[in-house]
There are 2 protein chains.
Amino acid sequence: MRRKVYVEGVPFTEVVLSDGNEPVRLYDTSGPGSDPEVGLPPLRAPWRSGRTQLASARAGVVTPEMAFVAIREGVEPELVRAEIAAGRAVLPANRNHPESEPMVIGSRFLVKVNANIGTSAVTSSVAEEVDKMTWATRWGADTVMDLSTGPRIHETREAIIRNAPVPIGTVPIYQALEKVNGDPLQLTWELFRDTVLEQAEQGVDYMTVHAGVLLPYVPLTAERVTGIVSRGGSIMAAWCLARHEENFLYTNFDELCRIFAEYDITFSLGDGLRPGSIADANDEAQFAELRTLGELTHRAWEHDVQVMVEGPGHVPMHKIKENVDLQVELCGGAPFYTLGPLTTDVAPAYDHITSAIGAAMIGMFGTAMLCYVTPKEHLGLPNRDDVKAGMIAYKIAAHAADLAKGHPGAQEWDDALSKARFEFRWEDQFELALDPETARAYHDETLPAAPAKTAHFCSMCGPKFCSMRISHEIRQRGMQEKSAEFVESGGRVYLPLTS
Amino acid sequence: MRRKVYVEGVPFTEVVLSDGNEPVRLYDTSGPGSDPEVGLPPLRAPWRSGRTQLASARAGVVTPEMAFVAIREGVEPELVRAEIAAGRAVLPANRNHPESEPMVIGSRFLVKVNANIGTSAVTSSVAEEVDKMTWATRWGADTVMDLSTGPRIHETREAIIRNAPVPIGTVPIYQALEKVNGDPLQLTWELFRDTVLEQAEQGVDYMTVHAGVLLPYVPLTAERVTGIVSRGGSIMAAWCLARHEENFLYTNFDELCRIFAEYDITFSLGDGLRPGSIADANDEAQFAELRTLGELTHRAWEHDVQVMVEGPGHVPMHKIKENVDLQVELCGGAPFYTLGPLTTDVAPAYDHITSAIGAAMIGMFGTAMLCYVTPKEHLGLPNRDDVKAGMIAYKIAAHAADLAKGHPGAQEWDDALSKARFEFRWEDQFELALDPETARAYHDETLPAAPAKTAHFCSMCGPKFCSMRISHEIRQRGMQEKSAEFVESGGRVYLPLTS
């Protein structure tokens, strides 16, 4: 059985187990639940402060938000404060989004997953997008990005934020472009700034800004197999090149920092020149932009503004580590936030898998947040099922990375599930699964009867061939004693045994 | 459009592209097609020799099989011969399975994927299993293991082998156990030997033998979270422990080698003590058995018998490389053949994904063949859809590993697909996809009209936001010239750009 519990106000999913086994507590992103017409209660309203989380951390103050995430992560509050103060972690929390439950993004903490949603010109309604956001957090989304384009963009975002228990990210250039009817050349700094202010007032917690796409870098993409694949990146590249001017996001970066500081908005420095194919991975264009993102990271920190840095994209496995190492070096340890990366280009319709491989690896190397990829990537807009498929693949990648990094407590979940499996506690195994419904349904397909849920074997091998049943019998035959005898005798195991 | 072509008798899938782009040739495992009642033609019948592939290779002879796989892999025949001679590659080809198309398994060649099928006591018919085998090879299975238990095991295997264009593997101890009504204590060497001879006559190309599960190792599993999870391993452990005798597969290994040499059957040395959970990975029991498998590898080589060595199982990402390094060291470079590994235990119903992550990584580190895992792992028997889901996940893992290893020609496939994507050649993109039908179907979901297949944008961003369309416009505006100018000017990109 699963139930929601609160520890000093911090939510967890508690999995209650049978046979006297200790319950297991899992990280819970689903929020308290809301009536979409009313929105969520303003949890953080009483905690408001005049400082950003970064300024507080630097001043040695553990904010209520930091205390909350310390409980959530199972670590000391001082670790949270110190990592935020050093810029190695961010706690995205716009003052105007008091409904969100605090969370932290940084390499010392659990690896996080972002889900992208959003209306487009032709599909989706406001209600559908709110439902997709709720659905994503139900499957473990730690943050959600609203990438809406098309009409009703303000209204959609308002509904999402008022109902979101997790931080909401946006890419303001999309809305700015709508305001000039889709012509990048009509974009101006003033128009962009006003769009940022509009979204800041609504409570957007972090914003992707493609301030690293500089005029001299654009020609570096000319020989690429897939050119520029970031929407924001291509918009800014077109602007720079057509006007022969430097990117206005770069030239006005300090003013942008002052706005972000006022609301405590976190930068997500966009990688507008990220590779869109295996052939283009780790090329000059990508790394030139990364150097500029490093420079901008340090400038934002001067304004007490929190920063994440976005990363690729499409990268073959042997080139993944270089991305993390370089990002850590150039960006002073600011959290890395990557899209996958996809480890091959040949499997459209399965890019949640091609990219889960890269995501797990880049997470192991220190990436703090993974942006999910759904099966519809490159092909169409994700529906509800695609959102779930993407989330599950990425929760797997994130948890595999937590295990590989030795995150305290991460393996308890695996151990509890494996112990349930070995002891034929089928119901416990299902309840501990990332997706209990599907695990149960698959078991039912071959052995639907209720007694099968307590059987000491399963449909795969049947009773005769069940290795786990035989293992239990071996134990009952006094294995434990034999084991002790064996150890006492000096253990011949490692001597070469020649015939 | 896809079509099958033959190059000097070696099959390839040729993807014919539009707009004058060169066709792309992909490795093809689907075979020439057969009427299940008749079986496949005996392709290799004229090539029969009195020697094993290993003995021929050692004698400096390039067999017709080696020449075949050299064309298939796009390498020199001498490389194939040398790798087989050194024991670093195997070419599993029982003299009595002339229907199979030769293939090679070794770290210098393309990473291979095995699919498990098989009847159980309660489910599946002979025809269904032949159909599953054909279905698996249609999705790229390089070998198929028939793990049938229950009745009609001989007849099922016969039908599978006669229709199999790929090598067939088995675990003979399963049939042996059926012959003694499921009581491991009644197993004898003689009974096992006769079972091996029966299967050898039918044409089984490689056999899993759990000869490394030694009596002194069994107690090492006593404190494990999941004990012994290999069926064959648990059967032999129970036999050893109950009779207080050494494993009869180990004590009769030389006689077994003589039988294998007669038919040119390849050993797949089973890892009966592989870990079945994250908690048990890389433990004493596992590595003690691996040492014995190293000893047995060298003994088989003395008999001119080819050897693969099986590996885990469940292993967190940071412990994967140690498995490969130790196997290479102990087993003299004999091909490693692993089951996944699963990188977390918490996602039953998605273990094709938890394990594709581990499979891709272990492939990159040098594992030669990956045994697929389906979504039904731990829960039930795979149906047709599960076989496909497992195959797709593992072809992704294998190809990602080929890219990471820099296998010659591997990236051409990715480049061709990405180029088609960038040039909005939608039909080419679908045809080049690992699963064309699904890619096309996903695209149709949002933009079903035929003109959308030639549109220079897609449903994700629409025309206004299409980064690739903007990229093309950037190029048209004289990017190439600007790029040249920029390079001539000395390239300021890597200088620090301070504000």
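A Cβ is built for glycine as well, from the same backbone N, Cα and C atoms used for every other residue.
Quantities reported herein were computed from a predicted structural model and do not represent experimental measurements.
So that you can see what the record holds, here are the features copied from TrEMBL:
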- A:Asn116, A:Met145, A:Tyr174, A:His210, A:Ser230, A:Arg231, A:Gly232, A:Asp271, A:Gly272, A:Leu273, A:Arg274, A:Glu310, A:Tyr337: substrate binding site (BINDING)
- A:His314, A:His378: Zn(2+) binding site (BINDING)
- A:Cys458, A:Cys461, A:Cys466: [4Fe-4S] cluster binding site (BINDING)
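When the binding-site residues A:His314, A:His378, A:Cys466 are ranked by how far their Cα is from the Cα of A:Tyr174 (substrate binding site), A:His378 comes first. In this set, none of the binding-site residues among A:Asn116, A:Gly272, A:Arg274, A:Tyr337 has a C-beta falling under 8 Å from a C-beta of chain B. When the binding-site residues A:His314, A:His378, A:Cys466 are compared by Cα distance to A:Arg274 (substrate binding site), the shortest distance belongs to A:His314. The CA atom of A:Ser230 (substrate binding site) is located 12 Å away from the CA atom of A:His314 (Zn(2+) binding site). Rounded to a whole number, the distance between the Cα atoms of A:His378 (Zn(2+) binding site) and A:Asn116 (substrate binding site) is 14 Å. Under the DSSP three-state reduction, A:His314 (Zn(2+) binding site) is assigned to strand. Listed binding-site residues: A:Gly232, A:Gly272. The one with the lowest count of other Cβ atoms within 10 Å of its Cβ is A:Gly232. A distance of 13 Å separates the Cα atom of A:Gly272 (substrate binding site) from that of A:His314 (Zn(2+) binding site).
Taking a C-beta cut-off of under 8 Å and a sequence gap of six or more, A:Tyr337 (substrate binding site) has these contacts in its own chain: A:Ile105, A:Asn114, A:Ser268, A:Met308, A:Val309, A:Glu310, A:Gly311, A:Thr367, A:Ala368, A:Met369, A:Leu370, A:Cys371.
In the three-state DSSP classification, A:Ser230 (substrate binding site) falls within coil. Under the three-state DSSP scheme, A:His378 (Zn(2+) binding site) falls in the coil class. Around the Cβ of A:Arg274 (substrate binding site), the number of neighbouring Cβ atoms within 10 Å comes to 26.
Each of the binding-site residues A:His314, A:His378 was scored by the other Cβ atoms within 10 Å of its Cβ; the lowest score goes to A:His378.
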